[in-house]
């Protein structure tokens, strides 16, 4: 009778080290069927094959090896169990015993002839598993609370000793530590990845050449694996025998880079003390360990690195310094430390963005404040000519905008236009930040439109920011409703183009010219009709009473434009208001009606 994963009672008895149950099941099952107390189904049938696998291909001997019961293993072996039988992943019972550090089980299986260098489907031998045995199961049981810290430490030490004992026995019985799995990792890689210091010492004693990377196809060295996982004691063993501490992984990262990225300060300290370089850049982002440490805000690692770094302003592939990244990610302590080490506050990346640009863009208040205290440049421009004031206005940071504005206006050369002529007021209006608009309009400079002729009012109405448009009209003058951009388009054109009826209504209530034509002769109605905006067309035709007879430079009326684009509803709205038959039959330059 099968249970979970098609395991037989004998599987469970062996797994849980119930040797008496195993003995009873084995002796009884050979003669007759054992029947369950709760049903008439046989628990173990007469003639039961002892190597019958469960759903994962595991036999009873696999279960006994995993459970660590030597007596069960001996019972099963004496009953003819195959000690080289593989599960569905190609693992024999010896793999299971090694993975769980069951020394006596390993000893019994090896002594009776188990293949000590048998590789599973991933190319891993029992030696790999012994080197990789970890504390995950113990940690899950004990947890990581302070109350269990001592018990966890004792369990960890015991597990370390057990792993070393198993590894030593396997090595003494000709297990080959040079065998690589299918990813190129040998026993040293596994011991390093799981932090088994004693195992590494045994392997070093066995063969120092194992620590060299000459024939390995693995993408990461043992040094990388120990550093990434924070195993400083294992790392110290590796450092005793390795010459090249700056060996790179497949992405060009060194062990120091990985340790700094993960925040393992003890590993960082060990690597630095042995001469690992803090300036080596990876192959992809061209970042150094300094960059790696600030990305995740690992200030203790950053402090160690800065003590030996010559230049705190080293740049990556995008021209970013550690300070820029620290500000962008909002790591206050890292920013403070870098400023203490005199990192440049005005350094710009390849796009011209400084740390201040990043701080305002990401909204990290304390980082921005620290930069301002260092008298950072307020008017520095990125590659598109945008200052931190533009970013503050675009992001809606009114408080910062006010503070930056006070500083900027005290400068002799206060240029607040980006490369396209847009001012912070343009950006605030475009993004609908009323609080920033109010701050800007307090300054006389912004109470007259200047810069790009696509005015702040155009910017407000094209994105349906009616309140922003109202603020501008109230603070400046109603005449701005008829201002034109370099193509002759008024804010009414912009509102019609985007089908924002409430903005149309606002502009017309302040005497916007409903029939104003741009340089191509198009009126707001023509724009709405051409784009199929039913709401805008209906409002302009029925409420604003736009002139339907007007033609653009191609002699198109609004009816031509709506019909030509197939906007039936717009065409019908216009037709409903046309009084003259001649207008319906009017021809444009292409002789189309």
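Cβ atoms here come from the backbone N, Cα and C positions, even for glycine.
A quick note: this is a predicted structure, and the numbers were derived from the prediction, not measured.
Features as listed in TrEMBL:
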type   : residues : note
REPEAT : 56-88    : repeat 'ANK'
REPEAT : 89-121   : repeat 'ANK'
COILED : 135-162  : coiled coil
REPEAT : 183-215  : repeat 'ANK'
REPEAT : 218-250  : repeat 'ANK'
REPEAT : 251-283  : repeat 'ANK'
REPEAT : 285-317  : repeat 'ANK'
REPEAT : 318-350  : repeat 'ANK'
REPEAT : 351-383  : repeat 'ANK'
REPEAT : 384-405  : repeat 'ANK'
REPEAT : 420-442  : repeat 'ANK'
REPEAT : 487-519  : repeat 'ANK'
REPEAT : 520-542  : repeat 'ANK'
Taking pairs 6 or more apart in sequence, does the count of Cβ pairs under 8 Å between the repeat 'ANK' (384-405) and the repeat 'ANK' (420-442) hit 3 or more? yes
For the repeat 'ANK' (89-121), the distant same-chain contacts (Cβ-Cβ under 8 Å, at least six residues beyond its ends) come to 56-57, 59, 61-62, 64-66, 68-70, 73-74, 77, 83, 127, 129-130, 132-133, 159, 162-163, 165-166, 169-170, 173-176, 179, 181
Mind looking up the mean pLDDT for the repeat 'ANK' (251-283) in the predicted model? 97
Please give the sequence-distant neighbours of the repeat 'ANK' (420-442): residues at least 6 beyond its ends with Cβ less than 8 Å from one of its Cβ atoms. 384-385, 387, 389-390, 392-398, 401-402, 405, 450-457, 459-460, 462-463, 465, 467-469, 471-472, 475-476
If you run through the repeat 'ANK' (285-317) with DSSP, how many residues end up as helix, strand and coil? 17 helix, 0 strand, 16 coil
